[in-house]
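**Q** Mind having a look at this structure? Questions to follow.
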Amino acid sequence: MCGILGVVSYSPANQLLYDGLQVLQHRGQDAAGIATMDGDTIHLHKGNGLVRDVFRTRNMRALQGNTGIAHVRYPTAGSAVDHNEAQPFYVNSPFGIVLGHNGNLTNAEELKKQLFVQDLRHVNTNSDSEVLLNVLAHELQSKSKGLRLDADSIFAAVSGVHQRCRGAYAVVAIIAGYGLLAFRDIYGIRPLVIGVNETPEGNEYLIASESVALDTLGFKFLRDVAPGEAVFVDFQGRLYTRQCSDNAQLSPCIFEYVYFSRPDSVIDGISVHESRLYMGEYLADKLARIWPDVKIDVVIPIPDSSRPSALQLANRLNILFREGFVKNRYIGRTFIMPGQAMRKKSVRQKLNAIGLEFKGKNVLLVDDSIVRGTTSREIVQMARDAGALKVYFASAAPPVRYPNVYGIDMPSRAELIATGRTDEEICREIGADALIYQDLEDLKSSVRKANPAIAEFEASCFDGIYITGDITPAYLDKVERGRSAGKANKSADDDQMELELAMSASSM
Ligand SMILES: O=P(O)(O)OC[C@H]1O[C@H](OP(=O)(O)OP(=O)(O)O)[C@H](O)[C@@H]1O
Ligand SMILES: NC(=O)CC[C@H](N)C(=O)O
Ligand SMILES: [Mg+2]
């Protein structure tokens with residue numbers, strides 16, 4: 001789940017993009033990059049690590065120009081350790097283009113072959129985002145009028161991208177000599193918003209994965225980029241928009257609301273915080289229905305993401321709510337760290353129990369989701385060690401049973417604690433006295449309550465329904481095999497590098 005930004009401004013873009021990346025850091029902790037356009041030159045700096053580690057003063061000084069794009073990476077294709085896969089990516093033909101991508105292409109392999117054989121383009125990494133950039137470059141080449149591009153030909157190229165690419169993609173790109181281009185896949189699986197800042201010189205535009213970046217950087221929210229839509233801002237600050245697909249249908253990823261996005265963001269007309277409050281209410285009602293005789297003394301959230309749901313659940317059931325775990329503010333998100341060993345270690349580094357809140361009590365621990373079970377296993381044990389009598393566990397999302405192929409790194413069924421297990425078996429695995437999950441329909445209602453216009457969600461990790469229609473069991477097997485092969489082929493150096501990356505994320 002990467003974070004992307006793009007700006008056309010009347011003042012230097014470098015600091016603005018850096019500050020924007022800092023508030024999108026929760027979307028990717030493995031690599032970061034910024035590209036700016038200054039006259040005829042594209043400046044690019046990227047590398048592995050957190051935003052604050054990748055950019056030094058000298059790098060920032062070199063990022064000249066008032067237009068730029070930026071990216072934080074959470075890898076879902078290729079590898080976490082290959083710094084060549086950090087974004088933005090650059091190509092020099094038919095125009096200088098830099099691109100940042102959030103999502104995951106499901107036909108990247110096939111496209112890579114096509115690019116080589118038909119389009120005479122070489123893709124140098126295992127990143128699907130480099131494939132996407134080359135598809136865009138090829139489409140721009142075939143739609144350009146000789147050496148000239150205009151908004152019509154740029155939008156025609158995006159239509160070409162929609163026809164060739166499958167999967168999830170929210171994209172920002174700079175086309176040298178022309179301007180900033182952004183677009184969203186035809187289902188709008190990954191989020192993308194536009195903001196404006198009115199200045200005496202004219203309007204400045206900012207495109208971002210989440211509205212929190214607009215708030216922080218002083219831009220006014222204009223609207224979400226629609227699924228299938230492209231937005232083009234030229235270097236004179238003129239905004240052009242067009243729907244580039246006849247088959248667009250909004251189906252945003254429901255996991256953005258459960259976990260990924262910041263609660264202070266509004267995505268597709270839905271406040272993430274509000275949707276999490278509703279998740280708590282629905283879960284409370286289910287709990288009252290199916291556990292009428294269970295005595296709970298205190299509701300305790302697992303910081304950070306479950307806090308709004310846990311609070312609202314406790315309110316609804318009129319049970320005491322207490323913070324029982326202290327989170328080390330210098331540790332990053334564990335779920336998006338590379339490598340299970342590091343994820344496991346960092347749960348203990350990240351969270352510590354306050355004995356007083358557990359001793360002699362029946363506690364209900366609430367988390368937003370249980371994916372690999374790394375957090376829940378550790379936390380249940382910590383609650384017992386702290387003296388809890390009974391430890392009940394509630395998840396504000398349903399069991400995660402299916403791989404995600406649209407930009408969340410859970411490609412293998414074997415990694416998911418809920419695959420092939422009943423709720424009772426999962427409960428035993430995490431060591432709780434009882435476990436309750438949100439129902440999928442209730443989760444959808446929680447999110448829809450804030451915007452009833454959304455008919456469909458991309459919820460494949462919960463229901464195994466893949467909205468793009470191209471995901472077969474054979475495809476999933478192949479992704480899973482690719483993943484295990486990748487792990488088996490990893491060298492000791494790769495392991496060391498992965499560990500260092502995770503250590504740097506864990507010292508946030
Ligand atoms: O079952 P698991 O594989 O452990 O994954 C689920 C956990 O991971 C996430 O927390 P994370 O620490 O990443 O971020 P947070 O601080 O935003 O809650 C999520 O909020 C759950 O707590
Ligand atoms: N999570 C994402 O959006 C990842 C983008 C891209 N697939 C990569 O691996 O770099
Ligand atoms: Mg968490």
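Cβ from N, Cα, C; glycine included.
Heads up, TrEMBL stuff is auto-annotated, nobody curated it.
Pulled these from TrEMBL:
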{"type": "ACT_SITE", "residues": "Cys2", "note": "active site, nucleophile"}
{"type": "BINDING", "residues": "Ser305, Asp367, Asp368", "note": "Mg(2+) binding site"}
{"type": "DOMAIN", "residues": "2-236", "note": "domain 'Glutamine amidotransferase type-2'"}
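Each of these features: where is it, how hidden is it, and who are its neighbours?
**A** All protein chains shown were included, and the count of other CB atoms within 10 Å of the CB of Cys2 (active site, nucleophile) stands at 26.
In three-state terms derived from DSSP, Asp367 (Mg(2+) binding site) belongs to an extended strand segment. Within the same chain, residues at least 6 positions away in sequence whose Cβ sits under 8 Å from that of Asp367 (Mg(2+) binding site) are Pro301, Ile302, Ser305, Ser306, Thr375, Ser376, Ile379, Phe393, Ala394, Ser395, Ala396.
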**Q** Within 8 Å of the centroid of the Cβ atoms of Ser305, Asp367, Asp368, which other residues of that chain place their own Cβ, given that this set defines the recorded Mg(2+) site?
**A** Val258, Tyr259, Pro301, Ile302, Asp304, Ser306, Ser309, Val366, Ser369, Ser395, Ala396, Ala397
**Q** Distance between Cys2 (active site, nucleophile) and Asp368 (Mg(2+) binding site) at the Cα atoms, whole Å?
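**A** It is 20 Å, counting Cα to Cα.
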**Q** Of all the binding-site residues given, Ser305, Asp368, which has the fewest Cβ neighbours within 10 Å once its own Cβ is left out?
**A** Ser305
**Q** Near ligand 2, which of the recorded positions show up if the criterion is a Cβ under 6 Å from one of its atoms? Options: Cys2, Ser305, Asp367, Asp368.
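**A** Near the molecule: Cys2.
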**Q** Can you give me the average pLDDT across the domain 'Glutamine amidotransferase type-2' (2-236), rounded to a whole number?
**A** 96
